[in-house]
Amino acid sequence: MRTLWIVAVWLMGVEGDLSQFGDMINKKTGTFGLFSYIYYGCYCGWGGKGKPQDATDRCCFVHDCCYGSVNGCDPKLSTYSYSFQNGDIVCGDDDPCLRAVCECDRVAAICFGENMNTYDKKYMLYSLFDCKEESEKC
C-alpha cells in the first residue's frame, strides 16, 4: 500500500499540502522533506500500525492522529496558506479545516526538527510487516 502511495505522489507531482508539508519539513530539518520520512518506521507514510519505533516515528503517529481529527476537507489534498516568519511556521487560513490541516503539518515538522537525533537509518524503508505490536490509540 505504501508503494502505491509513493508512486501516486510522484505521478501527481506532490500536489496540495503534501508539497507544503514537505516544504515545512525542509525548513525545520534541512532534509529533503517528504522523501526523508515517507517510509520511515511504522507510521511515516501512508497508513500505519503497531508501536512507533522511536520519537521520529511518534511524530508521524501524532500527525496521523491529527489528520484523523480533521473534518470538512481531505488533509492530504487540501492546499492551505502559511508562511515562515523568523524561523517559525505560521498558518494563515481563515477556513477552519484548512487551518487545522496546516497546524497538523506545522506541529509534525517542528517535531521532526526537535527529534532529528532519534532519526535512525535502520527505520528507513521499514516494512509494515515488521510493525507487529498492538497499535496505540490516538
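These residue numbers are counts, starting from 1, taken along the chain as shown.
Heads up, the Cβ atoms here are built off N, Cα and C, so glycines get one too.
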- Query: Given Swiss-Prot annotates Tyr43, Gly45, Gly47 as Ca(2+)-binding, which of Asp54, Asp64 belongs to that site as well?
  - Reply: Asp64
- According to Swiss-Prot, the disulfide-paired cysteine of Cys60 among Cys42, Cys44, Cys73: Cys44
- Want to know which recorded positions, from Cys59, His63, Asp64, Cys97, Cys111, are within 10 Å of Cys44 (disulfide bond) at Cα; which are they? Cys59, His63, Asp64
- Note on the structure: In the three-state DSSP scheme, Cys60 (disulfide bond) belongs to helix
- For the disulfide-bonded residues listed here (Cys65, Cys91, Cys102, Cys104, Cys131), which one has the lowest count of neighbouring CB atoms within 10 Å of its own CB? Cys65
